[in-house]
Amino acid sequence: MKALAKLKPEEGIWMVDAPKPEMGHNDLLIKIRKTAICGTDVHIYNWDEWSQKTIPVPMVVGHEYVGEVVGIGQEVRGFKIGDRVSGEGHITCGHCRNCRAGRTHLCRNTTGVGVNREGSFAEYLVIPAFNAFKIPDDISDDLAAIFDPFGNAVHTALSFDLVGEDVLITGAGPIGIMAAAVCRHVGARHVVITDVNEYRLELARKMGATRAVNVAKENLKDVMKDLGMTEGFDVGLEMSGVPAAFHAMLDTMNHGGKIAMLGIPGGEMAIDWSKVIFKGLIIKGIYGREMFETWYKMASLLQSGLDLSPIVTHHFKVDDFQQGFDAMRSGQSGKVILSWD
């Protein structure tokens, strides 16, 4: 089968002819329709320090996808041939304390599709049936293909009550932008998102952000004053992993504010803990998606009118995958979709 793989420990992704994956008793075989390129895939392409420590070579990569069930393991119930599915990319052990308590997103033995095991940049993918999620008919293939990062946005945004609250989002990557759209959809008052990438900030404006702030040109506290905010942000969503962005968030949070952190700093990050302590801030780390409450929320948000379509900015045939990676690496894109049909 046709696939995209990390073949060598150097920059790049390569088209290969890979063996069709074999299905176990509890697995589904999925024929891939569309995949999306994740920031993680760009890290793997660039072969940065994280990738060198994490990614086995050679391996088929990719983990954002939608496809059709074409094979069902003999122990599987609840799926049929032809079902349209996406899937949770974190494969969990089922045996640790968190898994047995239903907190599978906190499994300490997680393996990642396209990170630790064969991924979805291929004509066929095998995953445990437990990880598959049926896509409602009224949700497009494009949006189904980005359920994985959309889930990161939903999990982060819905960590705290947002109704009538003022929200600061640091980092206008696709996940941060989708989080802004979610916050507005569920009833936040002001949703302010910060970055230095004008292309992405304009996307955030299209997706409903109250203000999209280029912090290289504008002062965040001036923006707050323009909006009539006198006390600070109630909720912070840190999506960038940039220390300066987190410092700005701590400076502008209201007392008793709540912060959800999805962005991963490049190394250890020193902060002024007195701001956390004296403001009485709550900080919550976010990893992946809650299985499968986040997935149900994603489908429900889209079915209730949340419009994510502007976040998908580029489409390519899989044979033109290099153009897709070039678009993602340029920073001048939202989500990039590769078609496998």
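Cβ atoms are placed via backbone N, Cα and C, with glycine included.
Among Ile175, Ile277, Ile311, the residue that Swiss-Prot places alongside Asp195, Arg200, Leu262, Gly263, Ile264, Ile286, Tyr287 at the NAD(+) binding site is Ile175.
Compared over the binding-site residues Cys93, Ile175, Leu262, the count of CB atoms lying within 10 A of a residue's CB peaks at Ile175.
In sequence order, Thr170, Gly171, Glu238, Met239, Ser240, Gly241, Val242, Ala245, Phe246 make up the list of same-chain residues 6 or more apart from Gly263 (NAD(+) binding site) whose Cβ falls under 8 Å from its Cβ. Every protein chain shown contributes to the tally, and the Cβ of Arg200 (NAD(+) binding site) ends up with 22 other Cβ atoms within 10 Å. Per-site Cβ counts within 10 Å over the binding-site residues Cys96, Ile264 peak at Cys96. For the recorded positions His43, His63, counting C-beta atoms within 10 A of each C-beta gives the highest total at His63. For Cys38 (Zn(2+) 1 binding site), applying a Cβ distance below 8 Å and a minimum sequence separation of six or more within one chain yields Gly62, His63, Glu64, Asp148, Pro149.
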